[in-house]
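**Student:** Okay, here's the structure, questions in a sec.
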Amino acid sequence: MRTKYCGNIRISHVNKKVKLCGWVHKVRNLGQFIFVDMRDYTGLVQVIFELKNYKIFKKALNLRNEFCIQVFGTVQKREKKNQNIKIRTGEIEILANVLNILNTSKSLPLNFTQENNDDSRLKYRYLDLRSFDILENLKIRNKITYLIRNFMTKKNFLDIETPILTKSTPEGARDYLVPSRNHYGKFYALPQSPQLFKQILMISGIDRYYQIVKCFRDEDLRSDRQPEFTQIDIEVSFMSAKKIRNLVENLIKKLWLEIRNINLKKFPQISFHEAMKKYGSDKPDLRNPIEIIDVSNIFKDKKFISFFNLNPQKNNRIALLCISKGAHLSRKKIDDYTKYVQRFDAKKLFYMKIKECKLGCLGIHSSIKNILDEIILKEIIEKSQSKNGDILFLIADQEHIVNKSLGMLRLKIGIDLNITKKNRWEPLWIVNFPMFDKDIQGNLSSVHHPFTAVKNMDREILKNSPDLAISDSYDLIINGYEIGGGSVRIHDVNMQKQVFDIIGIKKSMQNEKFGFLIEALKYGAPPHAGIALGLDRIVMLLTNSKNIRDVIAFPKTTSATCLMTNSPSTVDNLLLQELAIKHLKK
């Protein structure tokens with residue numbers, strides 16, 4: 001039906017006859033001529049219909065946006081004054097001699113010349129996908145997956161598929177469940193990750209595994225999450241955490257070089273503890289140079305504990321942010337920031353405007369001026385390295401509240417004052433996470449998942465002080481986004497049982513949910529490690545997209561619905577009866 005694609009015709013094709021298929025992007029009727037911008041997935045080309053060729057001209061009068069058409073014509077060079085340097089085909093045009101209208105189109109519910117609301121875009125996704133921005137994102141995504149497969153194949157990894165219908169296991173988020181018709185009252189689960197299967201593959205002797213795989217989590221959504229998502233899943237035997245990180249680092253560097261022509265520097269590495277202390281987050285955006293500065297030792301006197309209304313029985317922290325040249329901030333803006341940190345349970349936000357350092361207390365304007373003396377002020381200025389014209393924001397509270405509040409305020413101020421550097425890439429590894437979290441009842445749960453090995457395979461700390469155990473795990477962060485996470489896995493059956501015991505999984509539940517893994521670990525399981533990288537997030541970053549939906553062909557809304565197909569939906573009662581399922585009203 002066609003000999004060329006619209007976006008691929010160039011000046012070298014002048015006087016050549018072409019056959020094109022595509023859609024009407026825009027129509028302009030100038031009386032003697034009708035100009036049509038014709039579009040396919042490669043781009044646009046201008047087609048001319050002349051009045052003197054009346055038969056085809058008359059047909060062209062019926063054209064409307066998004067009609068699907070076929071055009072035969074001759075490539076000709078545009079006059080210099082009519083050339084369009086904004087498009088790749090701007091030097092040429094097609095003089096049409098045949099027009100076939102393959103299909104008409106209703107008036108569009110979307111306007112490609114302006115922004116459309118998200119619900120309309122998702123409801124008419126088949127039209128939204130015709131836009132060049134979304135189409136370009138999908139092309140880039142295709143190139144990224146090609147590069148990944150090529151890289152992994154060259155590193156001798158095998159692409160192996162794992163089951164989609166699997167067993168429900170406690171992995172953190174809720175499972176999507178699939179009822180079994182053949183086994184009444186029993187359910188499959190859609191995998192949150194291929195975690196257990198890829199470990200089984202290592203036990204099977206598959207030395208190097210990878211897979212670009214769909215995963216499913218029934219969790220609350222946000223701009224960088226979807227209920228079904230794609231991850232680059234990697235597992236390898238006999239490889240240290242350091243070498244896994246090096247492998248992934250080289251893969252990420254290759255993607256950034258090939259897609260963005262950017263040479264990423266060596267990825268820095270910091271511990272979880274350091275990240276929380278300096279940035280208030282285990283996903284720090286290093287494009288923002290502001291760091292949290294601890295001043296607890298400066299305010300250790302009892303009068304300060306009283307002033308800040310701190311409970312001495314709690315794990316407290318006093319810390320601040322130093323904002324360079326921020327003393328110009330208005331009282332209203334400071335009040336706005338106070339309200340902002342209160343969203344994260346901070347009781348109050350204190351501030352100090354440094355007008356003139358040399359004047360001591362006389363040279364500052366502060367909400368804590370009445371408890372400061374020259375010695376304390378000097379220590380604060382030295383610790384924060386603040387200068388004239390700076391502003392300090394201080395919070396005194398429980399450590400986790402201070403970290404969260406100042407961490408979020410750091411990000412907000414970075415954006416508000418243009419401190420966070422755009423068009424810059426700052427990857428880093430976060431390592432040495434705690435092995436377990438403790439809830440208010442004192443119960444422990446895995447920070448990552450219960451198959452993560454303790455650092456240095458330290459059995460004694462698991463036995464005597466599990467709450468102090470450090471895991472041999474690692475997360476990859478780029479510009480504040482968690483791109484991936486992984487760990488060295490437990491390959492010793494007794495240690496695996498020990499971890500299950502620590503997090504409160506009863507023996508009967510261990511056998512019911514993980515019996516196949518426990519049994520497999522008894523047969524010479526090798527040391528192994530792995531990682532999972534979020535493909536959707538990687539594509540989102542590489543395309544400069546604001547939302548993960550813009551890099552997925554058919555995404556869900558933040559309420560996990562598909563507006564195009566109206567799913568999830570009700571099903572026929574007969575189907576439910578076959579599955580022995582009864583609908584209960586809430």
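From the backbone N, Cα and C atoms, a Cβ is placed for every residue, glycine too.
Copying in the features that Swiss-Prot gives for the protein in this structure:
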{"type": "BINDING", "residues": "E171, R217, H448, R489", "note": "L-aspartate binding site"}
{"type": "BINDING", "residues": "R217, D218, E219, Q226, E482, G534, L535, D536, R537", "note": "ATP binding site"}
{"type": "REGION", "residues": "195-198", "note": "region 'Aspartate'"}
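Tell me about the setting of these features in this model.
**Tutor:** Long-range Cβ neighbours of H448 (L-aspartate binding site) (same chain, at least 6 residues apart, Cβ-Cβ under 8 Å): F433, S471, S473, G485, S487.
In the structure as shown, the Cβ atom of R537 (ATP binding site) sits within 10 Å of 22 other Cβ atoms.
For the region 'Aspartate' (195-198), the model's average pLDDT works out to 96.
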**Student:** Could you tell me which of these binding-site residues, E219, E482, has the greatest number of Cβ atoms within 10 Å of its own Cβ?
**Tutor:** E482
**Student:** In sequence order, which residues at least six apart in the same chain have a CB under 8 Å from the CB of R217 (L-aspartate binding site)?
**Tutor:** A173, R174, Y176, Q192, P227, F229
**Student:** What kind of secondary structure is L535 (ATP binding site) part of, going by DSSP in three states?
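**Tutor:** For L535 (ATP binding site) - judged by DSSP and reduced to three states - the answer is helix.
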**Student:** Tell me the Cα distance separating R489 (L-aspartate binding site) from R537 (ATP binding site), rounded to the nearest angstrom.
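**Tutor:** It is 24 Å, counting Cα to Cα.
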**Student:** Would you count the other CB atoms within 10 A of the CB of L535 (ATP binding site), including those on all shown protein chains?
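**Tutor:** I get 23 for this one.
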**Student:** Could you give the Cα-Cα distance between E219 (ATP binding site) and R489 (L-aspartate binding site), in whole Å?
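**Tutor:** Here the two Cα atoms are 25 Å apart.
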**Student:** Name the secondary structure element type, per DSSP in three states, that contains R217 (L-aspartate binding site).
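**Tutor:** Coil, per DSSP.
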